[in-house]
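The structure under discussion appears below in the form of structure tokens.
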Amino acid sequence: MDQLGTPDVSDGELWRKAAKGDPSAFGALFERHIDAVYNHCFRRTGSWEAAEDLASVVFLEAWRRRREVSLSGDSILPWLLAVANNVVRNRDRSLRRHRRLLAKLPPAVVAPDPADEAVSRVDDERAMQRVLEVFARLLPDEQDVLALCVWAGLSYTDAAVALGIPVGTVRSRLSRAREHLRRLAGLEVGAGRTGGPAPTPSPGAALSAHRSTNVVNGE
């Protein structure tokens, strides 16, 4: 492995080298954080294909802005995830515009896709879409803290850096998000008691029960 890619070289040092135009330093940052960014994008979109495209956009944006951004902590990951949040929101706005345009067009005849898809990837996407249906009902600021602290495993401090807000605000928003999820989960469970087979655990319940064990408390 290239010396720049070893764990004892900090993100800050790599970022300073990248800011001077060192592609190997930026490549080391890419290898170090691409999985976290990719997984974060998948959790926000429910699509592996979209996550791959969006993760690429995040690092392209990082390279473009490498000279104007200074790290405020030891890791560049909080900033990368904040960029990912913005990229996902831009994608969502584009999709909404695209859907409005398609709604005005006559329906197209779509031929079935003969390609075999990996079953595990399809199952993952379906499960994630169910979770995102509940996730989308949260306020945007609740979505951000939940995605960063619970899904991405950032500490309160790193999430605060990523979002540009005080640590106390991160805590209060996360608490509010969990309470909102508990209410949504209760509504789903209640709706499932009208008859028929016993309901499977709702995505709201799954999200609500997901404790932020990865979050570093007391920071």
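Cβ coordinates are placed from backbone N, Cα and C, and glycine is handled just like the others.
The annotation domain 'RNA polymerase sigma-70 region 2' is assigned in TrEMBL to 29-97. Annotation comment: TrEMBL describes 129-181 as domain 'RNA polymerase sigma factor 70 region 4 type 2'. Per TrEMBL, region 'Disordered' is recorded for 188-219. Taken from TrEMBL, the feature compositional bias 'Polar residues' covers 210-219.
Mapped onto DSSP classes, the domain 'RNA polymerase sigma factor 70 region 4 type 2' (129-181) shows 42 helix, 0 strand, 11 coil. The domain 'RNA polymerase sigma-70 region 2' (29-97) scores a mean pLDDT of 90 in the predicted structure. When DSSP labels each residue, the domain 'RNA polymerase sigma-70 region 2' (29-97) comes out as 55 helix, 0 strand, 14 coil, counted as helix, strand and coil in that order.
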